[in-house]
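Annotated features in TrEMBL:
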{"type": "DOMAIN", "residues": "2-276", "note": "domain 'Aspartate/glutamate/uridylate kinase'"}
{"type": "BINDING", "residues": "5, 6, 7, 8, 219, 220, 230", "note": "ATP binding site"}
{"type": "BINDING", "residues": "42, 120", "note": "substrate binding site"}
{"type": "DOMAIN", "residues": "378-435", "note": "domain 'Aspartokinase ACT'"}
Ligand code: ADP
Ligand code: ASP
Ligand code: MG
């Protein structure tokens, strides 16, 4: 059995949903089809939540109506028969009635997560209605029945596996299953989600849960490119990469994959394929355990980074200093991305600023701290980058024009990371693109 995940643009227009139908009905292999919300929907739902959070009911209502109008336009183009159209109208009515009810009750975070879940529920129900109309047998699965996260918002893979396997066992003769990406239940049994872009994560978790033969991520581009195509000219797709390389690129900003979406597939050695819904015959990118290539493969960039320089003369020849520093970040559940050290100072970067004030306060009790905001981590990834001759030299040469704040090299065999002010990001990426790739 394989997993086929389709992103927002792949289901965002009626004709695209028809294309998805063609793709999932090819071949004999059984599949679990994971769908995102229609493109733009989650953004709209976020803005509805924001309007409700700021008690602006008029704004919330107008955003709900706008989104509702979009769906009322969408379904008649998707479906032909009266029966199917009536069913779709019912589905849309139910979900927008729910959103409208929220205008009348007091808002809280749990309600906000319920709002965000509407997109994937709508897309999967509408798609399932299309399959019914075309008499293509498919089982509708609610992700809320098997996808769960614990109190630290970490997916509960074993539970997911047990529940999903039990559900699939009830349908021994079915070959197509449709479910929602992104959404899940949390430890309080409330509706929750895997964070923005989380449908990729769902796909990989489901792939791991059933030890699928492949996890196909269908999107609007022909695979992982060697640089961010939204920013850099002349990027090109990478045919193959290792799980480690892909994980690093995803984590450091390659939007094509959710930051955490590689580890579940990697854990069970399920190959991940990045494929283009609009160009299904294109090779795309195959992500697997081992790849042969050597040298720089791709670059990604992560914005919104804050660098903290922690300085203390007591660090000199002392042990236990780093532990003390890291304990503070641990206490506030704030992950550190980059670290560089000297004899008297350590610099770290974080992107979650929710507890910055507390962290700085506690650090300030035993050392001096300096903070640089609006930084970008540029991550250069390749197989054995650190062993390929001159790799670090060419990175430094290429960035000669830009003030580099931190460099991290040698932490793994496939990564060099540099930190620069975000205002230099575009030029720095373009320069690296020209200098590190020979085509
Ligand atoms: P989906 O809605 O299918 O999940 P996303 O918008 O989340 O799609 O991800 C695909 C987009 O990621 C591409 O259209 C592209 O603009 C962007 N992207 C950013 N970095 C990369 C990269 N290195 N390779 C490919 N795409 C990238
Ligand atoms: N719909 C969600 C989002 O836009 C999840 C996803 O598309 O992966 O973030
Ligand atoms: Mg995505």
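Cβ atoms here come from the backbone N, Cα and C positions, even for glycine.
Where the annotation comes from TrEMBL, it is an automatic prediction and has not been curated.
Just so it is clear, the model here is predicted, and its values are computed rather than measured.
Features per TrEMBL, on structure.
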residue	record	Cβ contacts under 8 Å, 6 or more apart
5	ATP binding site	33, 34, 35, 36, 181, 199, 200, 202, 203, 215, 216, 217, 218
6	ATP binding site	20, 33, 34, 35, 36, 218, 219, 277
7	ATP binding site	36, 39, 199, 200, 217, 218, 219, 220, 277
8	ATP binding site	36, 37, 38, 39, 40, 41, 42
120	substrate binding site	35, 36, 37, 143, 180, 181, 182, 183, 199
230	ATP binding site	255
Reduced DSSP assignment, residue 5 (ATP binding site): strand
Structural state census, the domain 'Aspartokinase ACT' (378-435) (DSSP three-state): 25 helix, 19 strand, 14 coil
Where the C-beta lies under 6 angstroms from ligand 1, the matching binding-site residues among 5, 6, 42, 120: none
Mean per-residue pLDDT computed across the domain 'Aspartate/glutamate/uridylate kinase' (2-276): 97
Neighbourhood of ligand 2 - binding-site residues from 6, 8, 42, 219, 220, 230 with Cβ under 6 Å: 8, 42
Residue 220 (ATP binding site): tally of other CB atoms within 10 A of its CB: 16
Residue 219 (ATP binding site): tally of other CB atoms within 10 A of its CB: 23
Structural state of residue 42 (substrate binding site), classified by DSSP into three states: helix
Distance-selected binding-site residues near ligand 3 (C-beta under 6 Å), from 7, 8, 42, 120, 219, 230: 7
Extent of the ATP binding site in Å [max Cα distance among 5, 6, 7, 8, 219, 220, 230]: 22
